[in-house]
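In what follows, a single structure is set out as structure tokens and then discussed.
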Amino acid sequence: MTDSVVRGFEDELSFIEKIDSVRYRVKKGFVPNMNVDGMIYVNDSIKDYLYEELEQYSKRGVSGFLPAVKQIANVASLPGIVGHSLGMPDIHSGYGFSIGNVAAFDTEDPLSIVSPGGVGFDINCGVRLLRTNLTEKDIEPIKEQLCQSLFDHVPVGVGSKGVIPMNIKTLNQALEMGVDWSLGEGYAWVEDKEHCEEYGRMLNADPTKVSERAKKRGLPQLGTLGAGNHYLEVQVVDEIYDKAAANKMGIDRQGQICIMIHSGSRGLGHQVATDSLTLMEKAMARDHIHLNDKQLACSRINSTEGQDYLSGMAAAANFAWVNRQSMTFLTRQAFAKAFNSTPDDLDMHVIYDVSHNIAKFEEHNVNGRPKKLLVHRKGATRAFAPHHPLIPVDYQFTGQPVLIGGTMGTCSYVLTGTELGMNETFGSTCHGAGRSCSRNKSRNNLSYTDVLDSLQAKGISIRVASPKLVMEEAPESYKDVVQVIETCHKAGISKKSVKLRPIAVIKG
């Protein structure tokens, strides 16, 4: 049942304690049955968004999703949670879990749960960054042609269909093998998988746990960008903060061209989440799981429903990695054609590929001893520290690259993981700017022609499949990504490395 405790705003604030300039504790008692405190990483300007949302809720009660602070607290009431229920600076309300929520559950506790709402509907929505040996001066004379070539090569938009040949047999292989399938089919370079989180393949994936309906939705969508906040951007290295880390990534100068691909598991992942939520809602009564919010539907990790979800989620995650790999292949083709060269000669190597929506078994220290945890990251990015065994050899001394997409027309960032982040946030940080208003409000308040004109005024070439959806993704709809990045940097949970400025945007 949805949390029914509605207090006055000042009473609500009495449960929120400022620890320092970027940390706020949400104390037990804020909602019923909290097992741990919440911890939210925000500075003063971002905090105002959360407080305003909470104040509106205090006056009017539930309308749509609960406020993000309430959602952080409700997650803190879930069985088996350890540490804190964590909110990153780009936090905003979502389905069950807020977007920007990180929560870890002790696998030794038989009551611990897995929740699809803690991963999200777009399983393994994530970002990939490629570098090149090109500069902005190389791009400028043919920028419009390149933009059009990318738009022509990479299928975009709500109903877009992929150009990668796929049948149900090869789909099942892709669901099981991830980027290993792409490698076997000639869509990947050997070193591409080395620079992917999980090496582009979750080994617990089981295609039989993905419904026929989900497969039917995913079959035509492999190698497609989709719509919403997904994009392909040509970017310029605008600033280098950490030369050693940047050099390890193959970024060695301002003006260098990179390409960022932001996409996920499309309709297949959405259906996996929907199917699991339906099954878990039925299983909760059997397992005597009582929730503050029914959107937190979950199952014990070791239950049939929990294991089936994790296997299906892993398969959907593999689909997303194959999807980004397929678009990498198409992007390399577009650049090679535009510059009458080869992707290899253009040095189009993958810097890294990260997931923003996923649940994974990881080992972390809890109260001074190592524990195997199921870490849910929803709208958050893994950010492992230097010397961690799960990051590539190339990044052992600098920490894992963390890819943070800005809003349409604003800068993106590459960060690196830190030891403090390992200790405080289970090696996690932010994932983007984070919405500041709803899609509906954006559509009502903004004109798509104004948004497109604004991008062109900044010298950004753009191709959009659905121009009228552009308002939803306008910078005005989001928090300031600079504030988000600076908050994470100041908190020490990730470290700034590179700033990237967009010069061409492809959107659905």
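Heads up, the Cβ atoms here are built off N, Cα and C, so glycines get one too.
Features as listed in Swiss-Prot:
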- Asp122, Cys125, His230: Mn(2+) 1 binding site (BINDING)
- Cys125, His262, His356: Mn(2+) 2 binding site (BINDING)
- 229-233, 356-357, 405-408, Ser412, 431-434, Lys507: GMP binding site (BINDING)
- His431: active site, GMP-histidine intermediate (ACT_SITE)
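Proximity note: of the listed binding-site residues (Leu232, His262, Thr407), His262 have a CA within 10 Å of the CA of Cys125 (Mn(2+) 1 binding site), given in sequence order. Neighbouring residues of the recorded Mn(2+) 1 site, listed in sequence order and excluding Asp122, Cys125, His230, comprise Gly126, Gly226, Gly228, Asn229, His262, Ser263, Gly264, Ser265, Arg266, Ala320, His356, Asn357 (Cβ within 8 Å of the Cβ centroid). Ranked by CA distance from His356 (Mn(2+) 2 binding site), the binding-site residues Asp122, His230, Thr407 have Asp122 at the top as the closest. Long-range C-beta contacts of His262 (Mn(2+) 2 binding site), restricted to its own chain and to partners at least six residues apart, with a cutoff below 8 Å, comprise Cys125, Gly126, Val127, Asn229, His230, Tyr231, Leu232, Glu233, Gly405. Cβ atoms within 8 Å of the centroid of the Cβ atoms of Cys125, His262, His356 (the Mn(2+) 2 site) belong to the same-chain residues Asp122, Asn124, Gly126, Val127, Asn229, His230, Ser263, Gly264, Ser355, Asn357, Gly405, His431, Gly432, site residues excluded. Its own atom aside, the Cβ of Asn357 (GMP binding site) has 29 Cβ atoms within 10 angstroms in the protein chains shown.
Cβ contacts within 10 Å of His356 (Mn(2+) 2 binding site), excluding its own Cβ and spanning all protein chains shown: 27. For Cys125 (Mn(2+) 1 binding site), the Cβ neighbour count at a 10 Å cut-off comes to 27, with all displayed protein chains included.
DSSP assigns His262 (Mn(2+) 2 binding site) to a strand segment in the three-state reduction.
Using Asp122 (Mn(2+) 1 binding site) as the reference Cα, a 10 A cut-off selects Asn357 from the binding-site residues Asn357, Thr407, His431.
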